[in-house]
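Q: My structure is below; once you've seen it, I'll send some questions.
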Amino acid sequence: MSPQTETKASVGFKAGVKDYKLTYYTPEYKPLDTDILAAFRVTPQPGVPSEEAGAAVAAESSTGTWTTVWTDGLTSLDRYKGRCYHIDPVPGEDNQYICYVAYPLHLFEEGSVTNIFTSIVGNVFGFKALRALRLEDLRIPIAYIKTFQGPPHGIQVERDKLNKYGRKILGCTIKPKLGLSAKNYGRAVYECLRGGLDFTKDDENVNSQPFMRWRDRFCFSAEAIYKAQAETGEIKGHYLNATAGTCEEMIKRAVFARELGVPIVMHDYLTGGFTANTSLSHYCRDNGLLLHIHRAMHAVIDRQKNHGMHFRVLAKALRLSGGDHIHAGTVVGKLEGERDITLGFVDLLRDDYTEIDDQRGIYFTQSWASTPGVLPVASGGIHVWHMPALTEIFGDDSVLQFGGGTLGHPWGNAPGAVANRVALEACVQARNEGRDLAKEGNTIIRDAAKWSPELAAACEVWKEIKFEFPAVDVLDKKKK
């Protein structure tokens, strides 16, 4: 090792401030299979070299501080420090770089997403030498992945529990999201499930407010589930939101859901926190409950291109912490999400192994070993005319959540559910027959509407509804 990167006690202590790059920029370093690797989008302040900025990120997110301290001599920092080992300029940007940092596995507590993020996306994001900083991707080594339980059950086990194969899972978020009484809420759940949906969902805003306490909602929703199951012969469920102000209260709600015999509960994993989410995931596996995950607050963290954390990192963190579903954007609906980027983190959720893919924004190869996959959920501003595109984009292993696209049907909730189920079945049949959903999608929906008055009415209501705004977070492209 070169003298300038040597930090062992034998060097001796010399007080003062030195450049980060003398210790933490190590372009000769070859990452180990056990290292956690991070790709940061770094925007230095004017006059700060990229090497110093990248080294500062490595230092401040691992063992470094702003000055030399004598206690450095009491340990081997070369064993524990983060290393900025490679820097690429961002195409099309004058002062922006992708800095790759390797972290030794010794730095992190086993099975703790909370500890990973406390270090890697902690105080360094407020560092004055940086104008902006964004964590674009992480490579989690198998040695660390195996310290996590991961999703409670995974895709195949969920399909077996529900006895649903060969198509997407179809759901609906109950609206209005706030203000319904528990009994009226249960009525809406029943009507949607009876009409052909597999699941209904608590809106993420619904916890236990004065107008509808959680226990009442759980009871009326369970009654709706059992009634719809008896009438349709299909397994049904409702995502009962167990998110609460304390972990103890959250688990209490999950316990009550299990006692009711329902198949699934729900958690807001970002607002609730990773520690709470991991605890709930463990409870769900131990007690046979599926776990639906909502990502409320994600856009605060991931929407800006130059600062924060990309959702692909949050998706990987969720697969570690645990969840059987997670909302992942729609591409075609009202919420942010470019197609290639969205499919990139959909791959990270479902597949056992993903390669580096510049076209999908994947910076590292990632193996998940035996960790179960997570079903991506498309939700937000989608309706029957979107069904061909959603079927083509996401494939069978996904969940479609139509809120307004079900409850906004002019004939009521059950006909809205019928319209969505007919549209889905028509698209699946057309795909299985070899038809091109991208080119023939509208024709497929119109043909199905000829024998389904519910679908015909839905088509008429939403024929002009589009959300054509450019995505904020897009792939980097070179300036012409």
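Residue positions begin at 1 at the first shown residue.
Here the Cβ of each residue, glycine as well, is placed from N, Cα and C on the backbone.
Just so it is clear, the model here is predicted, and its values are computed rather than measured.
According to Swiss-Prot, the feature active site, proton acceptor maps to LYS175, HIS294, an assignment based on sequence analysis. The substrate binding site annotation in Swiss-Prot covers ASN123, THR173, LYS177, ARG295, HIS327, SER379 and rests on sequence analysis. Per Swiss-Prot, Mg(2+) binding site is recorded for LYS201, ASP203, GLU204. Residues or ranges marked as N-acetylproline by Swiss-Prot: PRO3. The feature N6,N6,N6-trimethyllysine is assigned by Swiss-Prot to LYS14, with sequence analysis given as support. Annotated N6-carboxylysine per Swiss-Prot: LYS201, in sequence order. Marked as site 'Transition state stabilizer' by Swiss-Prot: LYS334.
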Q: Which binding-site residues from the set LYS177, ASP203, GLU204, HIS327 come within 10 angstroms of HIS294 (active site, proton acceptor), judged by C-alpha positions?
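A: Taking LYS177, ASP203, GLU204, HIS327 one by one, the ones whose Cα falls within 10 Å of HIS294 (active site, proton acceptor) are ASP203, GLU204, HIS327.
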Q: So, in DSSP terms, is ASN123 (substrate binding site) helix, strand, or coil?
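A: ASN123 (substrate binding site) sits in a helix per DSSP.
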Q: Which entry in the list of recorded positions, LYS175, LYS201, ARG295, has its Cβ near the fewest other Cβ atoms, using 10 Å as the limit?
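A: So among LYS175, LYS201, ARG295, the recorded positions given, the one with the fewest Cβ atoms within 10 Å is LYS175.
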Q: Take the C-alpha atoms of LYS175 (active site, proton acceptor) and SER379 (substrate binding site) and report the distance between them in angstrom, rounded.
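A: Rounded to a whole number, the Cα-Cα distance is 13 Å.
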Q: Please give the substrate site's span as the largest CA-CA distance among ASN123, THR173, LYS177, ARG295, HIS327, SER379, to the nearest whole angstrom.
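A: Between the outermost Cα atoms of ASN123, THR173, LYS177, ARG295, HIS327, SER379, the distance is 37 Å.
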Q: Within 10 Å of the Cβ of THR173 (substrate binding site), how many other Cβ atoms are there?
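A: I get 24 for this one.
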Q: Report the same-chain neighbours of LYS177 (substrate binding site): residues 6+ apart in sequence with Cβ closer than 8 Å to its Cβ, ordered by sequence.
A: ASP203, ASN205, VAL206
Q: Over all shown protein chains, what is the count of other CB atoms within 10 A of the CB belonging to GLU204 (Mg(2+) binding site)?
A: 20
